[in-house]
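Peer 1: Residues or ranges marked as active site by Swiss-Prot on the basis of sequence analysis: Ser173, His200, Asp296. Here Swiss-Prot flags 3-120 as domain 'Response regulatory', drawing on sequence analysis. What Swiss-Prot records for 161-355 is domain 'CheB-type methylesterase'. The 4-aspartylphosphate annotation in Swiss-Prot covers Asp54.
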Amino acid sequence: MIRVLVVDDSAFMRNMITKFLTSNHEIAVAGTARNGEEALQKIKELRPDVITLDIEMPVMNGKETLKRIMASDPLPVVMVSSLTQQGADITIECLELGAIDFVAKPSGSISIDLYKVRDMLIEKVLTAGRVKLKGRQVPISKPAIETAKQPIVGGSDSVRFRAGKQLICIGTSTGGPRALQRVLPKLPKTLKAPVFIVQHMPKGFTASLANRLNHLSEVTVKEAENGERAKDGWVYIAPGGKNMAVGLEKGELVITLDDRDTESRHKPSVDYLFQSLASLREFEKIAVIMTGMGSDGTEGVKGLLKHGSGTVIAEAAESSVVFGMPKSVINNGLANDIKHVDEIAAAIMTYMKKERA
């Protein structure tokens, strides 16, 4: 049984979340709190397994509460966020600070539409309940030398690709935002390949993730746009709620976004992206599967290896928040290498040099 502390300043939301969670026989609500200060006291008294934490609260907000939880005695936390730009930005910061995942309120802070995310909330709490946090959670630090970077809007200037070039593709889910912050900042701005990323995330949050990663990294990171021409040293993150494919048109890699449902229940889907890349035989692919629940990416990796040459790196169990997606790739015998998240960027660069040799 997973014991949950529900933290929200709205009595309506506390009751609603409690009702949703207790509809699952594996979850019990140990208690509730109206703000962060009260939550910290309840944590000491109740010792819950998981916390659902609202972001916007009086007395002590969710972000400050999360900082204190992670600095003292870390517990798995699922943030509950509003679908606003400010809410999205703060949510990404909370994932950076150590929150396991988040659930978006569909229509603001008080909404009957929360029923739409009931199953997602239950799933994420169950997942969080299986996570064992490893000691004090240290926030991701900025690079020692950093130039001011603005959020990227609009397409990049296209660069015509030569035969035999390389591309990098990354798939991740739960724990992915924090993992990406431990990989992308280590890639050089002179990177001789584009990077395509699928991070399972709902609409409205991937732009904030891209902006944050862009701020931390030497490479340029942006949310992908339909029809955009890809460029070396640029990182393209699939928008939440859309699938991303990459094709070749007149010597240029072109991104296509669409709303079609696929065999994967995820949108964006790692399998969908990787399968589109499989047809690009002119390119050496370096595929990376990192932390996440389930097996999205496994079929896509099979396609990459079946239709062309490629190298597959899977994140090791020791650094994965949820060892699901990488485990599936490893168990299917598809991984060329298994790396701790802090070693993945170096592995990517090593394989790029090998494949160019």
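Just so it is clear, glycine is given a Cβ too, placed from its N, Cα and C backbone atoms.
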Peer 1: How many whole Å apart are the CA atoms of Asp296 (active site) and Ser173 (active site)?
Peer 2: 9
Peer 1: Summarise the domain 'Response regulatory' (3-120) as counts of helix, strand and coil residues per DSSP.
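Peer 2: Going through the domain 'Response regulatory' (3-120) residue by residue, I get 56 helix, 28 strand, 34 coil.
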Peer 1: For the C-alpha pair, I'd like the distance in angstrom between His200 (active site) and Asp54 (4-aspartylphosphate), rounded off.
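Peer 2: Computed Cα spacing between His200 (active site) and Asp54 (4-aspartylphosphate) is 21 Å.
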Peer 1: Distance between Ser173 (active site) and the residue listed as '4-aspartylphosphate' at the Cα atoms, whole Å?
Peer 2: 21
Peer 1: Mean pLDDT over the domain 'CheB-type methylesterase' (161-355): what is the value?
Peer 2: 94
